[in-house]
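Trainee: Sharing the feature lines straight out of Swiss-Prot:
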type	residues	note
BINDING	Gly102, Thr103, Asn104, Gly105, Lys106, Ser107, Thr108	ATP binding site
Amino acid sequence: MGETGISTVCSLVQSGARVLAWDDDKCVLRKNRELCAGCEFVHPYEYRWDEISELVLSPGVPHSRCNESWVVKLAKRAGCHITSDVEIFCRSRPARLIGVTGTNGKSTTVELIGWILNRAGIDSETGGNIGKGVLSLPQGKAAYILELSSYQLELMRGVNLDVGVILNITPNHLDVYSNMADYIAAKGRILEFSNLLVANCGDSNTAHLCENVGNMVEFSCGKKLARGVSVLDGRIYFQGRVAEIGGLKIDSASNAENIAASYAVAKSLGVSDEVIMASIREFPGLRHRNQVVAEVANVTFVNDSKATTAASVAKALVSRENVYWIAGGKSKDGGIEPILSLYANRIRKAFLVGEAADMFAVSLQRARVEHVMCYDVYNAVQIAFAEAIASGTKATVLLSPACSSLDQWKNFEERGDAFCAAVAELVAPHKLCSTTTQ
């Protein structure tokens with residue numbers, strides 16, 4: 001029962017519902033008793049299930065056939081409807097609803113769409129799996145843009161999205177799903193709820209999933225489409241129009257899919273090209289997503305802590321050379337070999353941390369990429385910076401772990417903050433020296 005669970009409980013209590021809640025973690029339970037006034041904390045084994053109308057699951061509680069939580073089994077045995085905060089939100093908000101899913105880029109796309117719509121005069125709010133519990137979002141907005149995970153999509157029933165977006169589908173969460181086909185099917189549930197679908201035809205899994213969809217706007221970052229949105233070589237192409245996307249605050253290469261999808265959604269809602277392009281240029285991006293945090297001499301530091309899969313790391317590497325790459329953590333299925341087959345020549349050296357360090361070392365050795373065991377982010381930053389600055393060439397120290405953070409950190413934000421703190425400690429003397437010289 002994290003932030004989403006707390007916001008769900010508080011919202012339902014305020015609406016007048018009788019709410020029962022539970023968390024297996026005793027420390028969390030103790031804290032939440034103080035935060036959630038009006039809620040009864042009762043173990044599910046003591047529920048009178050015939051009196052319960054719905055079981056609302058927090059994100060991450062396993063509920064798929066191959067990996068089912070004990071409480072889900074109890075609810076199913078009692079014939080109780082199992083739902084999520086997102087479904088409750090969607091059926092209670094009379095506003096435009098835009099849902100965004102995919103393996104990589106969801107949060108940035110959600111925030112970019114919201115950024116564009118607000119600048120177009122469409123009062124909008126973002127939420128969902130991005131870290132803002134949807135039931136705590138302010139009411140009365142003209143549009144809500146929601147990040148939807150595969151878990152949330154599986155629990156949704158009878159939802160009506162004005163626009164649904166699929167950015168990409170690459171291997172992820174295969175510790176939860178029995179195979180890739182099940183993961184794709186979970187993502188594909190957004191098709192059932194979308195009046196208009198915006199989909200990446202350049203991604204093979206997404207293209208196959210959407211091949212029989214009627215009302216759809218396609219986008220591609222690999223070829224120019226006769227119909228749909230294309231982002232190529234720093235330009236957006238749509239219905240015979242061409243717009244330059246230079247001078248962005250975010251990296252255009254790694255954010256090409258996010259830009260294309262956001263453009264398509266905004267156009268579908270009637271936003272002008274002028275407003276869209278001006279908004280994209282001013283969008284500041286999100287923390288922990290290919291975020292430039294400092295530049296010292298010839299070295300740029302980039303915090304990409306959110307990159308927990310090989311496919312997301314590839315987006316950071318595609319626009320950079322001479323990379324001193326900090327990688328590792330709690331490994332996911334797929335490893336890093338797909339990255340190395342394409343981008344090994346961009347990596348000057350890898351600095352390995354966390355549980356996956358030994359496994360990654362084997363892959364790097366096969367690809368003939370130099371690497372060193374650092375075990376934690378602080379040491380990795382220190383060593384990588386020393387080697388990068390000694391190289392005398394323009395270089396990037398990149399935290400892009402290709403792993404989850406749960407071996408050493410509470411979440412990817414905490415890991416990214418640790419990287420930024422280590423960088424700040426290094427950068428401070430150089431800034432002082434630079435100021436003194438001037």
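The count begins at 1 with the first shown residue.
Each Cβ is built from the backbone N, Cα and C atoms, and glycine gets one as well.
Given the structure is predicted, the values throughout are model-derived calculations rather than measurements.
Could you place the listed features in the three-dimensional structure?
Mentor: According to DSSP, Thr103 (ATP binding site) sits in a coil region rather than a helix or strand.
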Trainee: What are the sequence-distant neighbours of Asn104 (ATP binding site), meaning same chain, six or more residues apart, C-beta distance under 8 angstroms?
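Mentor: Sequence-distant Cβ neighbours: Leu167, Asn168, Thr170, Ala307, Thr309, Ala311, Ser312, Lys315.
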Trainee: Could you list the residues of the same chain, at least six apart in sequence, whose Cβ is under 8 A from the Cβ of Gly102 (ATP binding site)?
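Mentor: Long-range Cβ contacts: Thr109, Val165, Ile166, Leu167, Asn168, Ile169, Lys187, Asn200, Thr206.
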Trainee: So of Gly105, Lys106, Ser107, Thr108, which of the binding-site residues has the fewest other Cβ atoms within 10 Å around its own Cβ?
Mentor: Ser107
Trainee: So for Thr103 (ATP binding site), how many other CB atoms are inside 10 Å of its CB?
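Mentor: Its Cβ shell of radius 10 Å holds 23 other Cβ atoms.
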Trainee: Around the recorded ATP site, report the further residues of that chain (criterion: Cβ within 8 Å of the mean position of the Cβ atoms of Gly102, Thr103, Asn104, Gly105, Lys106, Ser107, Thr108; site residues excluded), sequence-ordered.
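Mentor: Near the ATP site, the remaining chain residues are Val100, Thr109, Leu167, Asn168, Asn258, Ser312.
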